[in-house]
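Beneath this line is the structure, given in structure tokens, with notes to follow.
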């Protein structure tokens, strides 16, 4: 599908349920519609970032603690920020296990194939998320700080600024809040708890 058609599809979507992604381990694409009624935490991840250990372990912790109550954490590896996800899809899990975080680490949440989150080749899910939530709620001025590191085109004001930006999606599939890379994953827990306490959506 060409970039224009991807952008049109993202603009027409009303929720994340319109999108699908292929699991990192391979197999058929997963429709996010299959997660209807769940609270979703979506992050663009990288295995060689300065916050890889912190964010990956905190993503695991949230999935472990809140998964039984209806949270689903989704990770999308991306190499657009400092080339910090330069491994092939089939190498990423071993990188996480033996390098960073290392120590036998295994993600307990859903990881998908590498994708782009900005520019003409952006995954339509991220084009939709950026349109729905143009800036992080904790830092509305968050932007890529070093123009030399911008490798995509076109550049937009609502672009993801770096690895580990977070998007919180309600049980109706509607994006509710975006958090910058500086906002620790574990600190989203109160917002997740508030959504889980409302019970499943009938949407």
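Yeah, the Cβs are placed from backbone N, Cα and C, and that goes for glycine too.
Taken from Swiss-Prot, the feature phosphoserine covers 34 (among others), and the record attributes it to similarity to another entry. Mapped onto three states, the DSSP output places residue 34 (phosphoserine) in helix.
All chains included, 20 other C-beta atoms sit within 10 angstroms of the C-beta of residue 49 (active site). Residues or ranges marked as active site by Swiss-Prot: 49.
Taken from Swiss-Prot, the feature site 'Subject to oxidation and hydroselenide loss to dehydroalanine' applies to 49.
Neighbours of residue 88 (N6-acetyllysine), defined as other CB atoms within 10 A of its CB across all chains, total 8. Taken from Swiss-Prot, the feature N6-acetyllysine covers 88 (among others), and the record attributes it to similarity to another entry.
Marked as N6-succinyllysine by Swiss-Prot: 88 (among others).
What Swiss-Prot records for 114 (among others) is N6-succinyllysine, and it gives similarity to another entry as the kind of evidence. Its Cβ placed at the centre, residue 114 (N6-succinyllysine) has 21 other Cβ atoms within 10 Å. In this structure, residue 114 (N6-succinyllysine) belongs to neither helix nor strand by DSSP; it is coil.
Swiss-Prot lists 114 (among others) with the feature N6-acetyllysine, giving similarity to another entry as the kind of evidence.
Other C-beta atoms found within 10 angstroms of the C-beta of residue 148 (N6-succinyllysine) number 6, with every protein chain shown included. Classification of residue 148 (N6-succinyllysine) by DSSP places it within a helix. The N6-succinyllysine feature in Swiss-Prot is assigned to 148 (among others).
According to Swiss-Prot, the feature N6-acetyllysine maps to 148 (among others), an assignment based on similarity to another entry.
Per Swiss-Prot, the feature phosphoserine maps to 197 (among others). Reduced to three states, the DSSP call for residue 197 (phosphoserine) is coil. Taking a C-beta cut-off of under 8 Å and a sequence gap of six or more, residue 197 (phosphoserine) has no contacts in its own chain.
Per Swiss-Prot, phosphoserine is recorded for 201 (among others).
According to DSSP, residue 49 (active site) sits in a coil region rather than a helix or strand. Comparing Cα positions, residue 88 (N6-acetyllysine) lies closest to 114 out of the recorded positions 34, 49, 114, 148. Taking Cβ-Cβ distances under 8 Å and a sequence separation of 6 or more, residue 34 (phosphoserine) has no neighbours in its chain. Reported as a whole number, the C-alpha separation between residue 49 (active site) and residue 148 (N6-succinyllysine) equals 17 Å.
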